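Colleague: Below are the features listed in Swiss-Prot for this protein:
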- 136, 137, 274, 283, 292: substrate binding site (BINDING)
- 166, 211, 266: divalent metal cation binding site (BINDING)
């Protein structure tokens, strides 16, 4: 890395395990400066509950970034709206969570931070606070005015991107259009090259229907939409294989020769990845004008403040973000 960079972290729902994980993350050295967008008392109280040392130093945007030393974090303060009891949701803190996301996103857009790592949020509390909120991905897409973003989850062994995300099954076939596939594959291909350092990405593409349509006998979306798009993109030089039946694609003879899989919908691709690497996976938002990774788990309210939360996914998310920073320099 040419110079030390700053990575901003949002712990997510304050009553959940996000603050625990951030405190655990701070117990080791990092080659980047970790700037945590959070309430100071929340972090120090949670560190005390876990019996872990934590020193907060103020964020100074005009000073050079410094590698993170064990037991310390750089704090970009955002005040809680209500006091927090670990494991107990407070509706007003939905506003606090969104404020941390907005500040972190804006800092990435203005060049303060090289990447953003997000902890788990509780969507219900945010919506109960009167803030329409579908998820991190959609929030950052709108705030950054990105034309289109793509959700990808990854482990050390597997990357799975999604053509559609949080849609009911009944709506998916209509959503798989030539325009959508062109856009999603272009973003996936571009970010695999620029953010992952893969010169010529090899992408496996799932069919939509069982047996990838069985030649049109189990649905025609492959023939009418997916195959023509893949043929057009192959002419442009992209290395695309498919459409392949999803029930046979996820095996070594295909995956050993691929850099990523494109699934047509959420529950087509993610069960395999989460079975293989739950707790070690990372959620990546492709198509944003900055690097964003996230843990692949929820708020786990029942574990908050008890010292039982597994920091593995957060560590993986941060390590991946650091690699992506290096690839983009």
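Keep in mind that glycine also has a Cβ here, set from the backbone N, Cα and C atoms.
Show me how these features fit into the structure around them.
Modeller: Here residue 274 (substrate binding site) comes close to 153, 281, 296: these same-chain residues lie at least six apart in sequence, with C-beta atoms under 8 angstroms from its C-beta.
For residue 266 (divalent metal cation binding site), applying a Cβ distance below 8 Å and a minimum sequence separation of six or more within one chain yields 162, 164, 165, 166, 167.
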Colleague: Please name which of the binding-site residues listed here, 136, 137, 283, 292, is nearest in space to residue 211 (divalent metal cation binding site), Cα against Cα.
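Modeller: Comparing Cα positions, the candidate nearest residue 211 (divalent metal cation binding site) turns out to be 283.
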Colleague: Please report the three-state DSSP label of residue 136 (substrate binding site).
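Modeller: Helix, per DSSP.
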Colleague: For the substrate site made of 136, 137, 274, 283, 292, how many Å separate the two farthest Cα atoms?
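Modeller: Greatest Cα separation within the listed binding residues comes to 19 Å.
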Colleague: Cβ neighbours within 10 Å, counted over all protein chains: which one of the binding-site residues 136, 166, 211, 292 has the most?
Modeller: 292
